[in-house]
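Q: Right, I'll just put the structure down here and ask away after.
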Amino acid sequence: MRHLLTLMEYKPHEVENILRMSRDFKTRYLAGEVYTPIFPGRLVVLYFEKPSTRTRLSLTAAAAQLGMQAVYTTPSELQIGRGETIADTMRVLSRYAVAVAARVYRHETLEEMAQNSSISVINALSDKHHPLQALADALTLWEYVGKLHGIKVAFVGDVSNNVATSLAIIGAKLGWEVRLVGPKQLWNMKLVEELSEDLAKTGGRIYFTDSINDVAGVDGVYTDVWVSMGFEKEAEERRRMLKPYQVNQRVMEIAGRKAIFLHCLPAHRGEEVTDDVIDGPQSVVWDQAENRMHTAKAVFAYLLR
């Protein structure tokens, strides 16, 4: 029994296997193939402390396509909202379900859930990591760039957030060059140190830069909202600090015509990205969103096999 709290815990070949399974699931889905449910009658619990569109619905769809039922719940709907401990809650859920996908404010909550669980715990987003998003990002880049290894991608904006961190981690596992483009006060140099062993094995490279011109020649330009959930009190300061890092048509021109545009969504149009980019010919955000479903199927299949 394994968990998916962060891709840091996975070896490069394991990440690649999950992505190959994702591509296979997608190929069969697009071909209209109706395949025998892998886990008929099983239950997956979606425990969400935060709102969600793509993560909640992609996990629900993925579970259904594998023959499982997903039940969505929040702290206010469980006794955990009235003081029952996480440990006791997880011991009970372990008797009913085969997995719990949890979206939480603090990554430590996920760790406590996993420590007290006899079923798989999946990170559906925490303040530090978003591994499900990173897997969908990798599948999308693979599809459009035509290769899985050696990809060059620039994440522009809040380079300290969970999406940027998980992109860097999966990039290190797959031998990518990940350019984290944002203000110096958001640089997390410890992340590069933590990934040094994987980078040495795969030949990847991760570096921080505050120059928007460093998007030149990449395969993909990626951004995310400037004010993530939980940082609303810092909204104005973050907008001021990140305004020079808006992904607009000029940035895409620097990147080059072959570069694709990625965004994990939801987008705050007019802030981190302009309409002409997200709706433009280089944007692949809707395919990227669909890929959340296919990679979720692969994660379920990999963990529950």
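Backbone N, Cα and C define each Cβ position, glycine as well.
The annotation carbamoyl phosphate binding site is assigned in Swiss-Prot to Ser52, Thr53, Arg54, Thr55, Gln79, Arg103, His130, Pro131, Leu132, Gln133, Cys264, Leu265, Arg292. Taken from Swiss-Prot, the feature L-ornithine binding site applies to Asn162, Asp224, Ser228, Met229, supported by sequence analysis.
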Q: What is the total of other Cβ atoms whose distance to the Cβ of Ser52 (carbamoyl phosphate binding site) is within 10 Å?
A: 17
Q: Identify all same-chain residues not among Asn162, Asp224, Ser228, Met229 whose C-beta atom falls within 8 angstroms of the centroid of the L-ornithine site's C-beta atoms; report them in sequence order.
A: Leu125, His130, Asp158, Asn161, Val163, Val225, Gly230, Phe231
Q: List only the single closest residue to Cys264 (carbamoyl phosphate binding site), chosen from the binding-site residues Asn162, Asp224, Ser228, Met229 by CA-CA distance.
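A: When the Cα distances are compared, Asp224 comes out closest.
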Q: Using a 10 angstroms cut-off on Cβ to Cβ distances, just flag whichever of Leu132, Met229, Cys264 is the loneliest among these binding-site residues.
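A: Looking at the binding-site residues Leu132, Met229, Cys264, the Cβ with the fewest others within 10 Å is that of Met229.
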Q: Taking Cα atoms as reference points, rank the binding-site residues Asn162, Asp224, Ser228, Met229 by distance from Leu132 (carbamoyl phosphate binding site) and give the first.
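A: Result for Leu132 (carbamoyl phosphate binding site): the nearest of the binding-site residues is Asn162.
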Q: Can you tell which of the binding-site residues (Gln79, Asn162, Ser228) has the fewest other C-beta atoms within 10 angstroms of its C-beta?
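A: Each of the binding-site residues Gln79, Asn162, Ser228 was scored by Cβ atoms within 10 Å; lowest is Gln79.
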Q: Minimum Cβ neighbour count within 10 Å among the binding-site residues Arg54, His130, Arg292: which residue?
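A: Least crowded of the binding-site residues Arg54, His130, Arg292, by Cβ count within 10 Å, is Arg54.
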Q: In which DSSP state, out of helix, strand and coil, do we find Ser228 (L-ornithine binding site)?
A: coil
Q: Enter the number of other CB atoms within 10 angstroms of the CB of Asp224 (L-ornithine binding site).
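A: That number is 26.
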Q: Work out how many Å separate Asp224 (L-ornithine binding site) and Gln79 (carbamoyl phosphate binding site) at their Cα atoms, rounded off.
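A: One finds 34 Å between the Cα atoms of these residues.
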